[in-house]
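Q: Have a look at this one.
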Ligand code: SAM
Ligand code: SF4
């Protein structure tokens, strides 16, 4: 290849350019959220998980071939030992301009410890998952969590100059009574709030038919109390945005079950074992770890072949669902 030719971008079989990688760095977590994990989880043996060097090599490969955005996720990314070494390594791509954005999704429990270092690595935005402001409810949802740690993490992130977005999984019942408080809390601090419709990933011991709340219903309910102005803004992802006139802040609505966003999909996900998932609603994966351990060229070939069979649209179907549509837990891959 001539030296001045940029490496070919990653394009799928439907002509969609893939420029966004969500990379899971661990399947482990310090919490056990009821919609995400079972109370007793068996985690992967460490030898199956990509090393930090392999995670960096894989990221480099994506970035060389046009990935402009990289989101680190998990499990809980901040529980991975030496994870800041990976952020420091990846930050050079921000410095060269090869990457537009390096970001992470976290439960926030360890954010107070790492916020300043993340900002120093060029991270500008973080998503923090928080479904309630009530300490007891937080403990019940997460089975293990102390909300004070998350609130301290959010404060530290804001102090470090990070833009924080809150993610909340919508559910029937108490959540519906708490969502207004979450809106006020987020918007008073300059944070957007994204409401996520629960997805049927993995057996968690929860009857999802009882818990799933349609965001269409929730939005209708919110519109009775707040003035919501729809925004025309696409991230290539599943979120729709509305502005809350009373607060000036934004609410994102992610409804993978009831809303078709697939035509704009620009992203793929890689698990911490190097399995490439080209669609969140499809459990078939392509192994990149084996090829990566052979060579970068082999990994790139496997990646390009997998993109050719990226589904045109996802296949969740609640009506056919007897509890769980996709057996893999959300924590295996990240949001
Ligand atoms: N541990 C980090 C966290 O909680 O932010 C990152 C990984 S977590 C799997 C990523 C996102 O997925 C979180 O916002 C979480 O609320 C969301 N999530 C987990 N299980 C889900 C499910 N079954 N349906 C929809 N969202 C889910
Ligand atoms: Fe852990 Fe995040 Fe899953 Fe909660 S949603 S159990 S914090 S990985």
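Placed from the backbone N, Cα and C atoms, the Cβ positions cover glycine too.
Automated prediction, rather than curation, is the source of TrEMBL annotations.
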Q: Write down the one residue from 121, 279 that TrEMBL lists together with 262, 265 as binding [4Fe-4S] cluster 2.
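A: My reading of TrEMBL gives 279 as the candidate in that site.
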Q: Of the candidates 22, 220, 313, which one does TrEMBL list alongside 71, 105, 165, 267, 268, 269 as binding GTP?
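A: For GTP, TrEMBL names 71, 105, 165, 267, 268, 269; of 22, 220, 313, the listed one is 22.
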Q: Other than its own, how many Cβ atoms are within 10 Å of the Cβ belonging to residue 199 (S-adenosyl-L-methionine binding site)?
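A: The answer is 24 other Cβ atoms.
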Q: Tally every other Cβ atom lying within 10 Å of the Cβ atom of residue 265 ([4Fe-4S] cluster 2 binding site).
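A: Looking across every protein chain shown, the total is 23.
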Q: Which state, by DSSP, holds residue 22 (GTP binding site): helix, strand or coil?
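A: Once the DSSP labels are grouped into three classes, residue 22 (GTP binding site) ends up as strand.
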Q: Near residue 105 (GTP binding site), how many other Cβ atoms are within 10 Å of its Cβ?
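A: So the number of other Cβ atoms within 10 Å of residue 105 (GTP binding site) is 21.
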Q: Residue 268 (GTP binding site) to residue 35 (S-adenosyl-L-methionine binding site): how many Å between their Cα atoms?
A: 22
Q: Sort the binding-site residues 71, 75, 129 by C-alpha distance from residue 262 ([4Fe-4S] cluster 2 binding site) and give me just the closest.
A: 71
